Amino acid sequence: MKEIIEKLAKFENLSGVEMTDVIERIVTGRVTEAQIASLLLALKMKGETPEERTAIAQVMRGHAQHIPTEIHDAMDNCGTGGDKSFSFNISTTAAFVLAGGGIHMAKHGNRSISSKSGSADVLEALGINLDLKPAELGKVFDKTGIVFLFAKNMHPAMKYIMPARLELGIPTIMNLTGPLIHPMALETQLLGISRPELLESTAQVLKNMGRKRAIVVAGPEGLDEAGLNGTTKIALLENGEISLSSFTPEDLGMEDYAMEDIRGGNAQENAEILLSVLKNEASPFLETTVLNAGLGFYANGKIDSIKEGVALARQVIARGKALEKLRLLQEYQK
């Protein structure tokens, strides 16, 4: 382990084999917490390569729980977090809209690391049981078309890494890894990151992980979602090819809103915001959700443009389909 950390300290990249060996040692409890923290910091300072990120994701996913389900076209819209925006739970709210629009949503998430409320926190506040067994979660998904997979429970091996992450208190490669290690074999994905310079490389990792179609999104002001406060950049993975583009609210016929307009609060406050959006109450929260759900519909390939996706998202919310999915999840995942 010492040799690996020294190599990273010299800003030398690890091979896929080296990274695989290191992570296998970590997730089997053979590395100290201090060494793990040193590794995470060294990788962050050097900058993580697609090969390193793919290796860690493949190892972590190999140690994940298996969710038995009859659904084979699941999608996730988990972001990396760590953007310090303190926004409401955008992707979690959008997940219900996507599910209401007919997409099988297996939302994968965790408690907050660097914000006030993570997806697990807000859903727990809404009465969702985070601790169902894998077989029970599979049944929920088959019955409702939506399920929440609590990352802490899905990845027992993460217990070896979490203390170092919490002690560091800053985004690391594990933030970048979380959305890549979904327990299910996803076909499509919308993945938010707060570092636009990683758009293309993250799309490459998704390709390496077997995604058929995906969008990696980086919003304005470091937001790890699409934003209405400036230019949003995306990388689209389609037919094995990666293309980069960007858009503004004006491009989609939407109004601008400042970051302050979408600030959230604690889990209970964010739960109230989520409910207000699904009830179609006009606000910057609603508009931001519509934008991100629209991008999700486009990432899934359900529609042919982001603008069409936004229109579909509005329709789903207005017809009560998104709220219906929340009520179903509250009924079955309890």
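Cβ coordinates come from backbone N, Cα and C, glycine included.
Summarising the annotation, Swiss-Prot assigns 5-phospho-alpha-D-ribose 1-diphosphate binding site to GLY79, 82-83, SER87, 89-92, 107-115, SER119. Taking all protein chains in view, 26 other C-beta atoms sit within 10 angstroms of the C-beta of SER87 (5-phospho-alpha-D-ribose 1-diphosphate binding site).
Residues near ASN110 (anthranilate 1 binding site) in space but far in sequence (CB under 8 A, at least 6 apart, same chain), listed by position: GLY118, SER119, ALA120, PHE150, ALA151, LYS152, GLY178. The anthranilate 1 binding site annotation in Swiss-Prot covers GLY79, ASN110 and is backed by sequence analysis.
The Mg(2+) 1 binding site annotation in Swiss-Prot covers SER91, GLU225 and is backed by sequence analysis. Mapped onto three states, the DSSP output places SER91 (5-phospho-alpha-D-ribose 1-diphosphate binding site) in helix.
Swiss-Prot lists ARG165 with the feature anthranilate 2 binding site, giving sequence analysis as the kind of evidence.
Marked as Mg(2+) 2 binding site by Swiss-Prot on the basis of sequence analysis: ASP224, GLU225. Neighbours of ASP224 (Mg(2+) 2 binding site), defined as other CB atoms within 10 A of its CB across all chains, total 27.
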Set of same-chain residues at least 6 away whose C-beta sits under 8 angstroms from ARG111 (5-phospho-alpha-D-ribose 1-diphosphate binding site): GLY118, ALA120, ASP121, LYS152
Close in space, distant in sequence - HIS108 (5-phospho-alpha-D-ribose 1-diphosphate binding site), Cβ under 8 Å, 6 or more apart: ASP76, CYS78, LEU149, ALA151, MET154, GLY178, PRO179, HIS182, PRO183
Secondary structure at HIS108 (5-phospho-alpha-D-ribose 1-diphosphate binding site), reduced by DSSP to three states: strand
Closest of GLY79, SER87, SER91, ASP224, GLU225 to ARG165 (anthranilate 2 binding site), Cα positions, binding-site residues only: GLY79
